[in-house]
C-alpha cells in the first residue's frame, strides 16, 4: 500500500505541475496495484480531463461512481466529463444524482448551475435579462408589475443580469418563470395539460414603441438596485477605458484603481488594471493583478469567461518573462474555465516552444560521440538492437550530425528494417548531400527492397563524388545485372510506368535514343541538357536502356 500511496502522490504532483501524461502514468501504475481504490480512478479522471481526453475521463468517473456510489466527487467528475463531451442533459442528471447523496456539496451545486445555464443557452435563450428595456417591460405587463414592489425580486433580477450562470438554479422560483414568459413573449402555464390548454388564437402582439437613441448616455432603470458607489465605479471604469484607448495608461490606472476602491467585488476592474500593466511591460504586476482577479472572481461567482481571461493574460505575461512552464499552467487553467480557440492556440504554441527548448538543452556533442562509440562496439559484436539505442541517444544529443543517422541506418539494414533505414539515410543526406557513405547505405537498402532502379541512382550519386569508390562501383554493377537479368520482364515492368511511357512516346527522345545507339559519343552532348539528362536517367533506372 505504501507503493500505491507513493505513486498517487507522484501523480498528484505531476497533475499540479501540468504534466498530465505523467500523472496518468502514475495513477495507472497505482490502479494496477489497487484496482478497487475509487480515489485513484477519480484522480486519473481529472488528469484525463485536463489532457483533453474526455472519453477516458468519463470512463474513469463512471468507475469511481461504481466503486463508491455515495461519494459526491465521483458524480462531479462524471458531470464535468459529460459536459465537455457536449452531453449536457446527461451532465445535469449526474450532478443531480450526486446532490441526492451530498445535498450540501458546493462543487456539485456549482457544476449543476453551470451546466443548467449551458443547457438553457443551447436552447437559444442566452440571458434574456440583459434586455435594455427590461424594467419597462416588467412594469407594463400586469403579470409582473406587482413583483417590482418587492425589493427581493428586484435584487433577484439584478443578480440574473450580472450573473447569467445562476439562472439554472433560479428556475424553481415561479416569479422567474413568469418573468421569462414576459421577456420572451411566451405564455408559460406550469399547471396546464393538453386537455385544458387555451386553443383560441392569441391576440395580436403589441408593437413596442420605437426607441430613439439618446444623444447622451442616461441612467437606465436597470440600475435601480445599484448603490451609489457601484454607479461611481462604473463611471470610473468608463473613464479608464477611454484613457486606455488613447494609450494614456497612467490616467487609465488612476480610474481603474478608483473603481476598485468603490467596488472591490468586481473582477473586471482588476482585469483592466492587469491589461494596463501588460501594455506597460510590467509583467510581474500584471500577473499579481490577474491572480487577484481570479480570487475576487471566484469569491463573487463571476462569469467563468472573465476568470479564464485573467488566466490567459497571466499566461501571456509569464511567456514574456520567459517562464514557459508557468505560462503553460496558466493557459491550461484558462481552458479549464472556458475553452476558446485563442487559449488552445496559445497552449499549443507554448508546448512547442517548451519542447524545442528541452531539445536544445539536451544537446551535448561530447556525450553524442560517447554514445556513438558505444554503438560502434555493439555493432561490431552483432548486437544491432542495442546499438540502435545508443545511436538514437547520440542523435538526441546532437541531431545535426549526419553520421549518427548513417550508423543507425546500417543497424536497421542488418535487422531488415529497410523502411526505417531508408528514412535515416534520407535524413543523413538532407543534412549533408555530399556524405558518400549515406548514398551507399541508401543504395544497399533500396537493393534489399528490390528497388534496383532507385538503388542505381543512389550508387550513381556516390560514384559522381568518388569515381573510384569500390563499394559504390560494386553496388552499381550488381544492380545493373539485377535490372537486366530478364530483358522481357524488365521491359514489361518499365513500360508499366506512366513516366517511362511518356518519354518513349516523345518523338524527340526516340530520335535521341536512336542517335545514342548509332553514335555513343552523342550521349555526352545530350547530357548537357538537364531535361534530356533527367529523362535518360529515368530510362536507366527502369532498366529499359543501359550504357556500356
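Count begins at 1; order follows the chain as displayed.
Glycine residues also receive a Cβ, built from the backbone N, Cα and C atoms like all the rest.
Just so you know, TrEMBL annotations never went through curation; they're auto-generated.
Segment annotation: TrEMBL labels region 'Disordered' over residues 188-224 (candidates 188-224, 225-261, 262-298). When DSSP labels each residue, the domain 'STI1' (497-536) comes out as 32 helix, 0 strand, 8 coil, counted as helix, strand and coil in that order. Nonlocal intrachain contacts for the repeat 'TPR' (368-401), taken as residues 6+ away from its ends with a CB within less than 8 angstroms of a stretch CB, comprise 359, 362, 407-408, 410-412, 414-415, 431.
Per-residue confidence over the repeat 'TPR' (72-105) averages 88 (mean pLDDT, predicted model).
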